[in-house]
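The structure appears below as structure tokens.
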Amino acid sequence: MNSPALQDCVRDWGELQENYQDIQETHRLYKQKLEELAKLQTRCSGTIARQKKKLKELSVELKKYKSSVKNVEEEEEQISVLNNQIRIREKTFFEMESFLPKKNGLYLSLVLGNVNVTLLSKQSKFAYKDEYEKFKLYLTMILMVLSFICRFVLNSRVTDAVFNFLLVWYYCTLTIRESILINNGSRIKGWWVLNHYISTFLSGVMLTWPDGLMYQMFRNQFLSFSMYQSFVQFLQYYYQSGCLYRLRALGERHNMDLTVEGFQSWMWRGLTFLLPFLFFGQFWQLYNAITLFKLARHPECKEWQVIMCGLPFLVHFLGNFFTTLRVVHQKFQKQN
């Protein structure tokens, strides 16, 4: 006769078998739904692509008709209505496509291959965006503290290398995460994307710059600038995140909009006090570029890193300054 303990084990196994049957059935249904989902995604993507092509052709035809024929007022109004409806339809397709798999861009393809990075629910998209914002905040604070230590406590090329390596890793990670967010509907584009690629290059060159007279002549200026930049980025995150939250609640901003290291039109209400901080930082970038160009002409300058750091600082200044200036100019034009 079996012992009570063995009988309990047999009974438990029987219960596990029943649960196992349920698990198998659930998993079968799950795989079936996945196959159905893949078919729906393919069909939806194809239909949207065809519609977008037709809309593009229609826009071209309307433009040609408007420019070639002297239209009566009624026709002009009809063309305006059609163009407006086309723009609305394009925005709707943009929203739809953010939930559909898409081919990765060149950068993501090089880094991740052909892995699908599209998140399929609003919750997962927002969670990833929120995690990205927290990552920026925490790393900005760490970089601010580390730049302070390197500037005022430890004068060592080793700690400087650690700081520069952290900058390279930080900006590389930002570019990857931003590319994933763009694939999922975030509308960060233009200069604010390119800005981080340039920062990655600049940090990499700073990391390879050997210790010497030229490095020591620029070191304190660079670390002081890094401290100030981290401080301004912290201010921007703190105030932009609050502003974005209010605008999302009012339905004036998209859920996937991100904080940026600059000034955009939506920041005009409540965030104009940041402009002096931004302009000061941008002219500091110009000052860094001028300093490096002067060092490049120094008789003892032999390092290629000097000129290769000066150029990115100059590009940073031009991009940041004129992008900010354009936003301010457009806002004043609208008000007038």
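Residue positions begin at 1 at the first shown residue.
Cβ atoms are placed via backbone N, Cα and C, with glycine included.
What you are looking at is a predicted structure, and each value in this text was computed from that prediction instead of being measured.
Residue density at Ser186 (CoA binding site): 22 other Cβ atoms are found within 10 A of its Cβ, drawing on all protein chains shown. The DSSP secondary structure for Ser186 (CoA binding site) is coil. If you look up Swiss-Prot, you'll see Lys129, Ser186, Arg187, Gln236, Tyr239, Gln240, Lys331 marked as CoA binding site.
For the topological domain 'Cytoplasmic' (1-131), the mean pLDDT of the prediction comes to 84. Swiss-Prot lists 1-131 (among others) with the feature topological domain 'Cytoplasmic'.
Per Swiss-Prot, topological domain 'Extracellular' is recorded for 152-157 (among others), and the stated evidence type is a curator's inference. Counting only same-chain residues 6+ beyond the ends of the topological domain 'Extracellular' (152-157), those with a CB under 8 A from a CB of the stretch are 211, 215.
Taken from Swiss-Prot, the feature topological domain 'Cytoplasmic' applies to 177-189 (among others), supported by a curator's inference.
Within its own chain, the topological domain 'Extracellular' (209-217) is flanked in space by residues 157, 295, 298, 300-301, 303, 305-306, 309, which lie at least six positions past its ends and keep a Cβ under 8 Å from the stretch. The topological domain 'Extracellular' annotation in Swiss-Prot covers 209-217 (among others).
Sequence annotations record features per position, and here Swiss-Prot assigns topological domain 'Cytoplasmic' to 240-269 (among others) based on a curator's inference.
The topological domain 'Extracellular' annotation in Swiss-Prot covers 294-303 (among others) and rests on a curator's inference. If one looks beyond the topological domain 'Extracellular' (294-303) by at least 6 residues along the same chain, the residues whose Cβ comes under 8 Å of a Cβ in the stretch are 209-210, 212-215, 217-218, 310.
Feature annotation from Swiss-Prot assigns topological domain 'Cytoplasmic' to 330-336 (among others).
Feature annotation from Swiss-Prot assigns transmembrane segment to 132-151 (among others).
Among the features that Swiss-Prot reports, transmembrane segment is placed at 158-176 (among others).
Taken from Swiss-Prot, the feature transmembrane segment applies to 190-208 (among others).
A Cβ distance under 8 Å defines the sequence-distant neighbours of the transmembrane segment (218-239), meaning residues of its chain 6+ beyond its ends; these are 133, 136-137, 140-141, 143-144, 147-148, 150-151, 160, 163, 167, 206, 259-261, 270-271, 274, 277-278, 280-281, 284-285, 288, 291-292, 295, 306, 309. Annotated transmembrane segment per Swiss-Prot: 218-239 (among others), in sequence order, evidence recorded as similarity to another entry.
For 270-293 (among others), the entry in Swiss-Prot reads transmembrane segment.
Here Swiss-Prot flags 304-329 (among others) as transmembrane segment, drawing on similarity to another entry.
In terms of DSSP helix, strand and coil, the topological domain 'Extracellular' (294-303) has 3 helix, 0 strand, 7 coil. Pairs of Cβ atoms less than 8 Å apart link the transmembrane segment (190-208) most often to 304-329, out of 132-151, 270-293, 304-329. Its Cβ taken as reference, Lys129 (CoA binding site) is surrounded by 21 other Cβ atoms within 10 Å in the chains shown. If you look at the transmembrane segment (132-151), the same-chain residues 6 or more away from its ends with a CB under 8 A from one of its CBs are 159-160, 162-163, 166-167, 170, 173-174, 177-178, 181, 220, 223-224, 226-227, 230-231, 233-234, 237, 241, 258-259. The Cβ of Lys331 (CoA binding site) has 15 neighbouring Cβ atoms from other residues within 10 Å, across all protein chains displayed.
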